[in-house]
Amino acid sequence: MNLNLNSIFGQFSPDLVLFIPMTLTAVFLNLSWLSISNPSNWLPSRANLLILSFYQEVLKILFQQTNPNTAPWVSAFTAIFILIFSINVLGLLPYAFTSTSHISLTYSIGVPLWMSVNILGFYLAFNSRLGHLVPQGTPSYLIPFMVIIETISLFAQPIALGLRLAANLTAGHLLIFLLSTAIWTLSSSPSIASITLLIFFFLFLLEIGVACIQAYVFTALVNFYLSQNL
């Protein structure tokens, strides 16, 4: 396989990660400290503390406005958040493939979730769900138009759900690629290259934040759609 490292969209080729095992190596090296046992049997291990604290913070942020009806879905939404967040962060490793930058994956996750919560809503309260298509106080002559508009808005939810995640990650990776190319091009001028490298460093930190925020937004929107149907 011929790899074109100068291609701006070459990083989004799915088969790159299969030929470069450094991605998994870096992950295992960074997480190897979790396997170190604690000398005391009375205290929780590092892995238990990390998982527990992360789980509590995720639940606190994601589900602080969750109503009791959506409580059975908390574990599923937490798993979805961890899955998307892990894929986003691992995609920042060198030559790694960010699968969430492809709408084929984001729609494969978002559309079934959207369909499941809406089918559940129509199954539990069919008349109430139909009533949402006509806002309260709508004049009678506007009801047909409002039904069409609300129906289009309803079916636009899964499109926006998957497209938002893929578009933001793609834009962030393209910016990182362009800046790294600029650093290499301007390497003959140390002063300009150092400034560009500093900008690249802060942009990389911002991209880590975007990876977390996009996982949160995706999960929060699915949780919001569920709360509308219960």
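Placed from the backbone N, Cα and C atoms, the Cβ positions cover glycine too.
As annotated by Swiss-Prot, transmembrane segment applies to 16-36, 73-93, 106-126, 142-162, 165-185, 192-212, with the evidence given as sequence analysis.
The stretch in 106-126, 142-162, 165-185, 192-212 that contributes the largest number of Cβ pairs under 8 Å to the transmembrane segment (73-93) is 192-212. Residues of the same chain lying 6 or more positions beyond the ends of the transmembrane segment (106-126) and with a Cβ under 8 Å from any Cβ of it are 80, 84, 100, 154, 157-158, 161-163, 165-166, 218, 222, 225-226, 228-230.
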